[in-house]
Amino acid sequence: WIMGHMVNAIAQIDEFVNLGANSIETDVSFDDSANPEYTYHGVPCDCGRTCTKWEYFNEFLKGLRKATTPGDSKYHEKLVLVVFDLKTSSLYDNQASDAGKKLAKSLLQNYWNNGNNGGRAYIVLSIPNLAHYKLITGFKETLTSEGHPELMDKVGYGFSGNDEIGDVAKTYKKAGVTGHVWQSDGITNCLLRGLDRVRKAVANRDSSNGYINKVYYWIVDKRATTRDALDAGVDGIMTNYPDVIADVLNESAYKAKFRIASYDDNPWETFKN
């Protein structure tokens, strides 16, 4: 999965997919009442990027729905996964469940079209703080109470805080999560970070009793780092330059081993080599 980073304006969906992304990451900020409000990152952000592009969250969802609904004039067949980077650090811990409930309602109405031929992309809810795990339970409860528990088949989870892998496993247990786990590791492109924790995550993914289904690394903008991440065995790479990742995947060393994921590749299944 080539994951376009910080895609917060509707116009950027086309831009990143046309550069080679089959997945995008979108920032979601919340108001004081735990309503998802804007797709917005703010300052500071990655080096070389504009930090301030934004939409109202529900409007972004409508644009995203068009981009992922077959038959729509804006449809992109290859856009198959969306990571919502949930900026919950502005909330109190006890608001996490409410944030999950409100997020589920927004997605149900504006993205899934109340279960009636909505957008088809898989969704990863990425949460920065382990203490906010109740966002997941609130989300799940709401889709169930609104009569659409089947949509949970399209939803996965990630904690983005670079926490100890054992602590993340315990938190999923508390949240009742037993699959659909995308584990991320990384740092802003302005800084360097080694691949030690990525290798630990890959080892967990590939062990018989691991909880991780997919591992992705962020933020990768250079060819050399892309090769290092692929050599470490990641499933996804988040980038500001999807075309760079696509170029490396076309190199003879990687062409035989990797391919771009399509809609038929289940993002919740651990790939067995």
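Cβ atoms are placed via backbone N, Cα and C, with glycine included.
Annotation comment: Swiss-Prot describes His5 as active site. Sequence annotations record features per position, and here Swiss-Prot assigns Mg(2+) binding site to Glu25, Asp27, Asp85 based on similarity to another entry. Feature annotation from Swiss-Prot assigns active site, nucleophile to His41. Sequence annotations record features per position, and here Swiss-Prot assigns disulfide bond to Cys45-Cys51, Cys47-Cys190. Residues annotated as N-linked glycosylation site in Swiss-Prot: Asn250.
Counting only residues at least six positions away in the same chain, the Cβ atoms of Met6, Cys51, Thr188 sit under 8 Å from the Cβ of Cys45 (disulfide bond). When the Cα atoms are compared, His41 (active site, nucleophile) and His5 (active site) turn out to be 11 Å apart.
Reduced to three states, the DSSP call for Cys45 (disulfide bond) is coil. Among the recorded positions His5, Cys190, Asn250, the residue whose Cα lies closest in space to that of Glu25 (Mg(2+) binding site) is His5.
Within the set of disulfide-bonded residues (Cys51, Cys190), the lowest number of other Cβ atoms found within 10 Å of a Cβ is recorded at Cys190. Closest by Cα distance to the residue listed as 'N-linked glycosylation site', from the recorded positions His5, Cys47, Asp85, is His5.
Taking the Cβ of His5 (active site) as centre and 10 Å as the limit, one finds 29 other Cβ atoms among all the protein chains shown. When Cα-Cα distances from Cys47 (disulfide bond) are compared across the recorded positions His5, Asp27, Asp85, the shortest belongs to His5. Across the structure, His5 (active site) and Asp27 (Mg(2+) binding site) place their CA atoms 9 angstrom apart.
Cα separation, Cys190 (disulfide bond) to Asp27 (Mg(2+) binding site), rounded: 18 Å.
Residues near Asp85 (Mg(2+) binding site) in space but far in sequence (CB under 8 A, at least 6 apart, same chain), listed by position: Glu25, Thr26, Asp27, Val28, Ser126, Pro128, Ser160. Take the mean position of the Cβ atoms of Glu25, Asp27, Asp85, the recorded Mg(2+) site; other residues of that chain with a Cβ within 8 Å of it are His5, Met6, Val7, Asn8, Thr26, Val28, His41, Val83, Phe84, Lys87, Ser126. Note on Asn250 (N-linked glycosylation site): other Cβ atoms within 10 Å of its Cβ, all shown chains, come to 10.
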